[in-house]
Amino acid sequence: MLPTTASKGRGAARSAPPLLGPYLRRIVKWQQMDIEYTFWQMVHLCTSPKVVYQHTKYHKQTKNQWARDDPAFVVILILFLVFATSAYCAAYGESASHAALTITSVVFLHFLFAGIVLATLCWFLTNSYLREEPNSHVVEQRVEWLYAFDVHCNSFFPAFVILYVLQYFLSPLLVAHGFFPALLSNLLFVVAISYYHYLNFLGYDVLPFLDRTTFFLYPIGLVIILSPLMILIGFNPTRYFLSLYFG
């Protein structure tokens, strides 16, 4: 997507870019997806996330857009969600119909719907309040909506590894009563949520036309402040969410 010219000032963000149409059409074309590069990104998001966003700069230079033009990351992440949720249903579920409902709600409600809402909110905030005032001789740039969704997906994946995969294997310990299970469960959620917001910050900090992107780090402070309180009152998020889904 080429940078668009707009009037000066911090007006409301524009509609989603036309890139979305070709992106959606490629979802059903596996032969056009770069699966190997997607797995490379997933690994480095957990180990060296700055490297991933360095490649985002290269993508901008070669494709003239910040957003991915390959839906492989989203498709593979959804498949991982289906497999992980199926494992939880096999361990804690009651019936096949309940499992189908749980998988559907996780994929479409918790990942896609929540991701669209969060991406739209970040897209609006960055375009409306965080862009630097453009020079009169420079073409004004805006955050692409699809890039905002990419940032959410990138941030979601390590949280998925912690809260869906690692938590699954630790769940026999985490669902027990007592201080230590509650402490460990809260630590998992603190790390997952904090890392999500850190990656969110990296995703927007890499854009040269944005300012005050440290705004995206503020939720980490809130999480750190609230977590000791949750531990002291004995709140166990693992037990809470498993009881929410599986009674």
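Just so it is clear, glycine is given a Cβ too, placed from its N, Cα and C backbone atoms.
TrEMBL does not curate its annotations; it predicts them automatically.
According to TrEMBL:
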| type | residues | note |
| --- | --- | --- |
| TRANSMEM | 72-92 | transmembrane segment |
| TRANSMEM | 99-126 | transmembrane segment |
| TRANSMEM | 146-166 | transmembrane segment |
| TRANSMEM | 173-196 | transmembrane segment |
| TRANSMEM | 216-235 | transmembrane segment |
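Through the fold, the transmembrane segment (173-196) approaches residues 155-156, 158-159, 162-163, 166-167, 219-220, 223-224, 227, 230-231, 234-239, 242 of its own chain, all at least 6 residues removed from its boundaries and within a Cβ separation under 8 Å. Only residues 6 or more beyond the boundaries of the transmembrane segment (146-166), in the same chain, are considered here, and those with a CB under 8 A from a CB of the stretch are 16-17, 19-20, 23, 41-42, 45-46, 49, 52, 65-68, 73-74, 77, 80-81, 84-85, 88, 111, 115-116, 118-120, 122-123, 126, 188-189, 191-193, 195-197, 199-200, 203-204. Sequence-remote contacts of a segment are chain residues at least 6 beyond its ends whose Cβ falls under 8 Å from one of its Cβ atoms, and for the transmembrane segment (99-126) they are 12-13, 77-78, 81-82, 85-86, 88-90, 93, 143-145, 148-149, 151-153, 156, 200, 204, 207, 210, 215-216, 245-246.
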